[in-house]
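First the structure, in the form of structure tokens, and then the observations on it.
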Amino acid sequence: MEEAQSDLSIEPPLSQETFSDLWNLLPENNVLSPVLSPPMDDLLLSSEDVENWFDKGPDEALQMSAAPAPKAPTPAASTLAAPSPATSWPLSSSVPSQNTYPGVYGFRLGFLHSGTAKSVTCTYSPSLNKLFCQLAKTCPVQLWVDSTPPPGTRVRAMAIYKKSQHMTEVVRRCPHHERCSDSDGLAPPQHLIRVEGNLRAEYLDDRNTFRHSVVVPYEPPEVGSECTTIHYNYMCNSSCMGGMNRRPILTIITLEGSSGNLLGRNSFEVRVCACPGRDRRTEEENFRKRGEPCPEPPPRSTKRALPNGTSSSPQPKKKPLDGEYFTLKIRGRARFEMFQELNEALELKDAQAEKEPGESRPHPSYLKSKKGQSTSRHKKIIFKREGPDSD
């Protein structure tokens, strides 16, 4: 009992009388400055402080705990000074070049010869440098080189819009075809161009330009062949809303080294449609019509231009007049006067033809002289009959 009473006489270290001393240990404005406030672990008493509390008394323990501890460098300043990550924009400011560059290896493209039948699924027009193909059909593209590129060379295919107002946009599939279950397990659903029959194809998205491309290793031609053939597929129609939306596109094929340096470049236009043969025939006819020279109207002319048929038709050449004279014996006065009038009409026509083009009517004196020579006696006078109901 004596030991228990002696224990009760000892003041507990964390009683209400010591709360004011603990409160004074807290820094000022602790609530309003969370950055400068120490962590919660520093506010709690450690095991050493508790032992000092019992051994040396509460006053000495509070003085030791109130001593400022060495502050560790806080990474708050470095965190605030770190720049925020840049925002990624959906459009690209750089446009890939579409100029032909054969390079030192003589890189060029080739296509199979095909007609314009309705049953054809892929056809190439040399005059337009344009490929017409159906959706998701095989499009063989031949790669020709004069000398073999070094090992590690790759072939990249990328689609861009042809017109300048659309070049900065990324060519991708429409939302409808993106949701279609036609993936081969390698190509992402938003990529337009795919490689058929090559498991080594890599589908890339550029981190800076966000453009889609497909890369395959370059393989030299097989024995007995002069070129390498890659089979491409176009997975969206040119007329799809939300995708190409009838905007013409170009496919750029580049030959790149193992370090990414450009070895060659070539391009061609592509139209993905339902009837490639019909569309190729129509566009070639329109191209030929546009290539024909059209006559230009004269300057400062307000009159309507004549059609091409009348302006382009060659005018007949004028035949030289015959200068010989012939004598014709005619029986009967009436016949003589009739042949005389016919001869005068022919003479008048020849006189008009000899004059300049600007003078379309003969001179009045010439008509008077011809009229005076006519001595026709069989002139009929026509009288107007007046009926009973006429006014």
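Including glycine, each Cβ sits where the backbone N, Cα and C put it.
If you look up Swiss-Prot, you'll see 100-290 marked as DNA-binding region, on the strength of similarity to another entry.
Counting only residues at least six positions away in the same chain, no Cβ atom sits under 8 Å from the Cβ of Lys289 (ubiquitin cross-link). Look at Swiss-Prot and you will find Lys289 (among others) tagged as ubiquitin cross-link, backed by similarity to another entry.
Taken from Swiss-Prot, the feature ubiquitin cross-link covers Lys349 (among others). Spatially close to Lys349 (ubiquitin cross-link) yet at least six residues away along the chain is no residue at all, judged by Cβ distances under 8 angstroms.
Summarising the annotation, Swiss-Prot assigns ubiquitin cross-link to Lys355 (among others) and lists similarity to another entry as the type of evidence.
Summarising the annotation, Swiss-Prot assigns SUMO cross-link to Lys384 and lists similarity to another entry as the type of evidence.
Look at Swiss-Prot and you will find Ser9 (among others) tagged as phosphoserine, backed by similarity to another entry.
For Ser15 (among others), the entry in Swiss-Prot reads phosphoserine, with the evidence type similarity to another entry.
The phosphoserine feature in Swiss-Prot is assigned to Ser20 (among others); the stated evidence is similarity to another entry.
Per Swiss-Prot, the feature phosphoserine maps to Ser33 (among others).
The phosphoserine feature in Swiss-Prot is assigned to Ser37 (among others); the stated evidence is similarity to another entry.
Summarising the annotation, Swiss-Prot assigns phosphoserine to Ser46 (among others) and lists similarity to another entry as the type of evidence.
The phosphoserine feature in Swiss-Prot is assigned to Ser181 (among others); the stated evidence is similarity to another entry. Within 10 Å of the Cβ of Ser181 (phosphoserine) there are 5 other Cβ atoms, across all protein chains. Following the DSSP three-state reduction, the secondary structure of Ser181 (phosphoserine) is coil.
Sequence-distant contacts of Ser267 (phosphoserine), defined by Cβ-Cβ distance under 8 angstroms and a gap of at least six in the same chain, are Gln98, Thr100, Leu250, Thr251, Ile252, Ile253. Annotation source Swiss-Prot lists phosphoserine at Ser267 (among others), citing similarity to another entry.
Taken from Swiss-Prot, the feature phosphoserine applies to Ser313 (among others), supported by similarity to another entry.
What Swiss-Prot records for Lys368 (among others) is N6-methyllysine, and it gives similarity to another entry as the kind of evidence.
Annotation comment: Swiss-Prot describes Lys370 (among others) as N6-methyllysine.
In the three-state DSSP scheme, Ser267 (phosphoserine) is classed as strand. Assigned with DSSP, the residues of the region 'Oligomerization' (323-354) fall into helix, strand and coil as follows: 22 helix, 0 strand, 10 coil. Summarising the environment of Lys355 (ubiquitin cross-link), the number of other Cβ atoms within 10 Å of its Cβ, over all protein chains shown, is 12. Between the C-alpha atoms of Lys355 (ubiquitin cross-link) and Ser181 (phosphoserine), the distance comes to 81 Å.
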